[in-house]
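Have a look at the structure below, then the notes.
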Amino acid sequence: SISKQMKEMEKSGVLKGALSAEQQLALISVCTDLKAAVEGATFIQECTPENLELKKKIFGQLDLIVGDSVILSSSTSCLLPSKLFTGLKHVKQCIVSHPVNPPYFVPLVEIVPHPETDPSTTERTYTLMKKIGQSPVKLNREIEGFVLNRLQYAVISEAWRLVGEGVISPTDLDLVMSDGLGMRYAFIGPLETMHLNAEGVSSYCERYAEGMKLVLNTFGPVPEFSGETVQKVSQALSEKIPVVPKVLDARRKWRDECLTGLAKLKTQMKSD
């Protein structure tokens, strides 16, 4: 699968690095023995399923194997570093480096330290992610959901309420993001959007603070994500994209092709 993907990326001109797909593939190996797998490593990225006990088991084993210079990093999207790493003798070398799916085309990496993580671990991780072409961001402290998922869940939560209350259909709701907010958010974030939509952030707050607070105070409680709304959203999405493995895979492939094109455009615009 990796070989096929790398060759496709090479063909479309989006393969990262100076080496060919074949040369890169030659550097990838598979190993079922943990000690042999990490021998000589300077940075270890754990990518097991989102299961706290499984991850703790893996890091407990790694803690007994590694030296005092290797970085132990987790790909977890929401498990707090304090739950993953507390008690390890190499805790100062532990950090979360949360990539975004699919990470080859969505470059963001959230770097989240444990309260005892050494600052040099954070800096080395940040430098490495920059070097391999990702867009790392540093969180100053751990927080539930980190930042990306907190923002994502806020959007999902209000989207769910709007559909559930019959304000808008699921299909049109997605259009509001894909052909509306998402267009600008592909290049600038919400804070820069504020800055540009007025004469700076201070001006924006002077103009729109009261209106924002008025709307925000009408938001409802956290949805249960169950019942009639699940059926309504599921039906609408299933009509558009039937829940059949072949169809879902085709749609994901289309999504990744779109992200490939967007990644190319963003790279081009940055160089311009």
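Cβ coordinates are placed from backbone N, Cα and C, and glycine is handled just like the others.
Because TrEMBL annotations are produced automatically, they should be read as predictions rather than curated entries.
Under the heading domain '3-hydroxyacyl-CoA dehydrogenase NAD binding', TrEMBL lists 2-140. Sequence annotations record features per position, and here TrEMBL assigns domain '3-hydroxyacyl-CoA dehydrogenase C-terminal' to 145-210. Feature annotation from TrEMBL assigns site 'Important for catalytic activity' to HIS98.
In terms of DSSP secondary structure, the domain '3-hydroxyacyl-CoA dehydrogenase NAD binding' (2-140) contains 56 helix, 24 strand, 59 coil. The 10 Å shell around the Cβ of HIS98 (site 'Important for catalytic activity') contains 23 further Cβ atoms across the protein chains shown.
The DSSP breakdown of the domain '3-hydroxyacyl-CoA dehydrogenase C-terminal' (145-210) into helical (H, G, I), extended (E, B) and coil residues amounts to 50 helix, 0 strand, 16 coil. Averaged across the domain '3-hydroxyacyl-CoA dehydrogenase C-terminal' (145-210), pLDDT for the predicted model comes to 97.
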